[in-house]
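As recorded in TrEMBL:
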- B:22-42: transmembrane segment (TRANSMEM)
- B:48-67: transmembrane segment (TRANSMEM)
- B:79-100: transmembrane segment (TRANSMEM)
- B:135-338: domain 'ABC transmembrane type-1' (DOMAIN)
- B:142-161: transmembrane segment (TRANSMEM)
- B:173-197: transmembrane segment (TRANSMEM)
- B:203-220: transmembrane segment (TRANSMEM)
- B:252-273: transmembrane segment (TRANSMEM)
- B:320-342: transmembrane segment (TRANSMEM)
Amino acid sequence: MDTTQIADAPPPTPPTPTAEQKRAARGATRPGDRIFLGLSRGSGILLLVIMAAIAGFLTYRASLAISKDEGNFLTTFEWNTGVNPPVFGIAVLAYGTIISSIIAMIIAVPIAVAIALFLTHYAPRRLSGPIAYVIDLLAAVPSIVYGLWGALVLVPYMNGLFGWLNDYLGWTGIFSWQNGAPRSMLTVGILLAIMILPIITNVSREVFRQVPQMHEEAALALGATRWEVIRMAVLPFGRSGVISASMLGLGRALGETMAVATVLSPDFLIHTSLLDPGGGTFAQNIASKFSEATEFGRDALIASGLVLFVITLLVNGAARAIIARRKEYSGANA
Amino acid sequence: MSTATTAPKAASTLRGARLPKWAPWAIAAGSVAAGIGISVAAGLHSNIQWALIAAILYILGTYVIAARVENRRQATDRVVTSLVWVAFLLAVVPLASLVWSTVQRGTKVLDVYFLTHSMGVVADSETGGGIYHAILGTLQQVGLATLIAAPVGVLTAIYLVEYGRGNLARAVTFFVDVMTGIPSIVAGLFILSLMLMFDMEPFGFAGSLALAILMMPVVVRSTEEMLKLVPNELREASLALGVPKWRTILKVVLPTSLGGITTGIMLSIARIAGETAPVLLLVFGSKFINANPFEGAQASLPLYIYQQYGSGEVTAYDRAWAASLTLIAFVMILNLVARGIARWKAPKTGR
């Protein structure tokens, strides 16, 4: 380049992205650049390959098991892989997984949204920073610790609640209780709710924080109360964010293993009462059955894992698709 | 938002009647007293019941009183405010209980002996024994996972931010997002299916591979965020000097965002250190010290907690709590250090 040209050039204006792209394209011809681009693109492709391999291998091993299944894989209420011919099905697991996650969502979402509102709109400013920090830390508590706490602290405490529910709501059938240890779907759902609370709160908080200040001030200037500001300015803006935050939490709840495995006392029946111990979830069943399983039994467990994989894939994909419309808040690092 | 409260007090003629500041507290005290009173009178024993009665009385009382003194809209506002506070307190209780019980029960057997001995010849029902073998296993498995996941994750993020245009980049972004949601047990099953293929016995490195799969997307996302914070002017200045793009990335972009990238990697380490499910499937657990992650079953801290809990002995519960406390301490220290680095090394933007 000629130096006089630079001296005569007009004052620097921000270069357009196309200029940068051109420069990048020219740079890519150098050997160092080609190697570096190859390495980084290779890593990206490796991630895609891993995802494809997960789907491929799980499907292959699952097909080995399902082809020998004497029962119906989707509707059988049994898990006997050790006998010949093997009979197993995921009906109970699917029911338990969905029920426990639904309970968790019903409890966690309103509370998490309320806490997010509390942190952004209600709490004194001096309090909200440290509280948000603590909630961040709680998201990092390992699930096995929640499991241990759930089994040894929460379960004994649930006796009182279960007795109370049975006394007043037992007539519904959903809340009847025959005095088994309270290691049931309701307890699991409550524990899952506690576990997914931090992530839903974190993502919702990020969304509420991004509500344009102007909208809120406009509402206040019209004489709205704080609740009316939230109802008319904050919630409509944050709705898609809250939905995707909830779905991220749902994804966690569906795949949670250890907390369910420690708290639930499993069996292979569908109980209409949420208070009766029993049932199971995909992840819990894999963890509990794994150590005694034969190679064929492991293939059968892989088959149930494949179903879980597909379900979480759909839920997370949907959540991401909603988030993608507003790129700024992604919960991936929450 | 505090804008509403800045109006001067003298202008009260413009505003309707307001409840005094102490009113919510008075209503709260009244309803708690009434709740306890009703419970005692009716002979109800459960703590839930007087709390429920008090909460319902409080919300009704607030609404009725505020609606009479102020107006309906203010009353709704006050009710929602109290509901939000109740939700917050409701969430604090289990979380505080979790921390409290872990610390209280964990300190019972946690000492130097516990940290430096394995479960070698200790039966579950006996006291003594420790978690040295588990700490060793966790450190090795997590360390190997980091060695795999950190370079792949950082390089992928560099591709997405510095090079990524078009369909490939979009696909990688989408699948990284989806990958963050893979249940840990599914990652474990994937490696398990490979091991079944080659007829392998459980060993530590298999667990590392599954942990690496869980770690990669987290590293990618956090590194991506950090690289995006590096001001474009820095890249342009370097490129304008004729520096090749790869050297620009290595010498300008990465050093600028190093603090943030380190933070992201440490947070992801904290996240996988507590993963139990893949370790259960792939590493299997052991009572003995095994310092070789490439051969034979190994122990790991989260798995140790699960197995001690599973044994059902009171002495084992004590060990499980102590191991939980150790694990939480490890994860929290990683978190705090990582956030410290983030604050200290935060890239200066927009200057």
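Backbone N, Cα and C atoms are what each Cβ position is placed from, and that goes for glycine too.
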Checklist line | Folded-back contacts onto the transmembrane segment (B:203-220), same chain, C-beta under 8 angstroms, at least six residues removed | finding: 137, 140-142, 144-146, 148-150, 152-154, 156-157, 160, 176-177, 179-180, 182, 184, 187-188, 190-191, 195, 264-265, 267-269, 271-272, 275, 278-279, 281-283, 290, 292-298, 300
Check: Hey, would you say the transmembrane segment (B:142-161) packs against the transmembrane segment (B:252-273), going by three or more CB pairs under 8 A that are 6+ residues apart?
Finding: yes
Check: Which bits of the chain, at least 6 residues beyond where the transmembrane segment (B:173-197) starts or stops, bring a Cβ under 8 A of a Cβ in it?
Finding: 156, 160, 164, 206-207, 209-211, 213-214, 216-218, 220-221, 275-282
Next item on the list: With pairs restricted to those 6 or more apart in sequence, evaluate whether the transmembrane segment (B:252-273) and the transmembrane segment (B:320-342) have 3+ C-beta pairs under 8 Å.
Entry: yes
Check: What same-chain residues lie close to the transmembrane segment (B:48-67): Cβ under 8 Å, and 6 or more beyond its ends?
Finding: 19, 23-24, 27-28, 30-32, 34-36, 38-39, 74-76, 78-79, 82-83, 86
